[in-house]
Each structure stands twice: as structure tokens, then as C-alpha cells.
Amino acid sequence: MQSFAKITAQGTYVPEKVMDNNDFEKIVETSDEWIQQRTGIIERRIADENEYTSDLSYKAVLDLQEKYQVDLTDVDMIINTTLTPDYKTPSVASYVQAQLGLKNAGAIDINAACAGFTYGLNLANGLITSGQNKKILVIGSETLSKITDYNDRSTCILFGDGAGAFLVEYDKEEMSFIASNAGSDGLKGHNLYCTELSEEMFSDDLENHGYIVQNGRGVYKWAVGNVPNIIHEVLNQSNYSIEDLNWFVPHSANARMIESICEKANIETDKALKSLKYYGNTSSATIPLSIDLAIKEGKIKKDDLILLVGFGGGLAYASTLIRWTI
């Protein structure tokens, strides 16, 4: 018997505290106009001092449960994608498992930075279609504010906190996942990093220990040069073309970057769904937050063909072409 994986519910959570562009004028030399022109960001959400990634993950799942009235007692795997876990161990996924009371569910964290959520979805699809699991929560959650240097103008204006969750289930007939790909360019990892135990990479010294460091130009050049090829590669696996897409959901890193990717890939810019305007760059949470905003705006409908492409730190990428089944 063939097994299909189907997305059946989605939820999100963002912290209450809002930090808008005007707030940054008091911290670093910048302005609302400068930030909007270069990034497309107006505001972002910031977690409280005692609010951590696991809290955001759990609240996103509660939102999913409340909106769709789904039974989560038989969830058998939790995949949490994050680069800002509460602890080195145990995992954020284990915390969510405990909070939900799912005694026998597997739990794993994935650190693929901004590509994390699409990696998580692809893993969930593989686990379900192989017959190993039946019901999986995939969560992308970040508290990037806790690893942001607010003296560094080039990065502090970009990042925010948030979480999004999808429920992926076994189905006999209907499937969400059509095609996918993934890869990385580790030699360019120095363009976006946050140090932990080591302070060097390929014998090069790294800076600003414990905070995000980004070579914006390097990341931009890599993304615009590679993401269009990634898009065409995953579409070539399917029977669909660029014109067939209802929506394109890239990682919401920067509005200019997304426009350049769309132009090079021949995707209409109004098909690109983004979350950065109100949430900033939330790394692994940007894609589920973008989906949620589009649903609330009445854009996404059942059976829409949607291409999700995550890319960023690593430099890593993962994409998945889905049919919206909610």
C-alpha cells in the first residue's frame, strides 16, 4: 500500500513586544527610511527576557491545535528546526513533546538555519512515505534577538523572533509533497555564522563570539546566483513549470534579494509571499509565518501549487514543491 504525506494544519506564534525601525534610531546610526529601502522591514517581534525558543514552538503548536481542532495525542514525531535552542541538550523538540504529554513521540532538532523548515518538511515527508511515522509536527522557531549584537547596525536591524508549525499526516490518497531538493556550499559558511565552541573556520579567525555575523553582500550574491537554479531544478523533477505556480515562498531575508531572485527565475513578484515586513528575518520561521499571513489575507486556497525555498546559513538550501491540502 502506498503512503502519502499530507499537510493538515498550520499555526504560528510571535512574541507581543514590537520593535520598529524608529527604535533603532536610538541605538545605532540608521533611520526608518534607510531600513525600509534596503530590507523591506518595518518592525519585528522580540521575545521577553525569560521567553525562549521552546516557548514559541509550544505556542505555535497550540495555535495550530486551536485553529484546526486537531487531535495531537497520536503524534509520533516532532521535528523542530532552529539555530537558537534553549540548551545544547535536551532538544527544543523534547521540550515540546513533554509539554504536549506525548510520551512515546520521537523528538529531534535540526539546525539548518534559514533552510531549516524546508529541511524539516522534506524529512517528515520521507518518514511518512517510508512507513516509519504517521503523524509529525514540523516546527520552525527562533529567538534570534538573544544572539543579535545591537551595536552592529548591519545585522541588528534584520532579525526578529517567531515560530510556525505544520502538522503532516499519513494519507492513503491525497499528498502535499510533489518534489524536493537540498544541498549546501559549506566553503562559503563564513558569510553567515554565530560562533559556539570554536572561534575559527577553515583556519580563519571568526569575530563577535556568540553573536550573528553576516557578510550581507556575500549572502546576497550567493542567493541571487544560486536560488533560481534551485527553483528550476526542483520544478524539473515535476511536471510543472514556473507559470503553474500559484505562490512562491522564499526565505524572507531581504525584500531586494527576493525581487532579484524572482526576476532571475522569471517569477512574478506578486506571487512571492513574505513575512519580513512585520516580523523581520526570523530564520527557520519565515516560511511558515509567510504562509500564515497569506492565509489570513485570503490568498492561499486549497489545491494551490506552492514552491517553498529555504536558504541561508551553511550556506545551505532546501526546497519543496507542495499542493496545499488544507
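Yeah, the Cβs are placed from backbone N, Cα and C, and that goes for glycine too.
These come from Swiss-Prot:
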ACT_SITE  C114  active site
ACT_SITE  H251  active site
ACT_SITE  N281  active site
REGION    252-256  region 'ACP-binding'
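Where Swiss-Prot records a feature, it is marked here on the structure.
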residue	record	DSSP class
C114	active site	helix
H251	active site	coil
N281	active site	strand
Cα of N281 (active site) to Cα of H251 (active site), in Å and rounded, measures 8
Across the region 'ACP-binding' (252-256), average pLDDT on the 0 to 100 scale = 95
C114 (active site) versus H251 (active site) - Cα distance in angstrom | 7
Report, as a single number, how many Cβ atoms besides its own are within 10 Å of the Cβ of C114 (active site).
-> 33
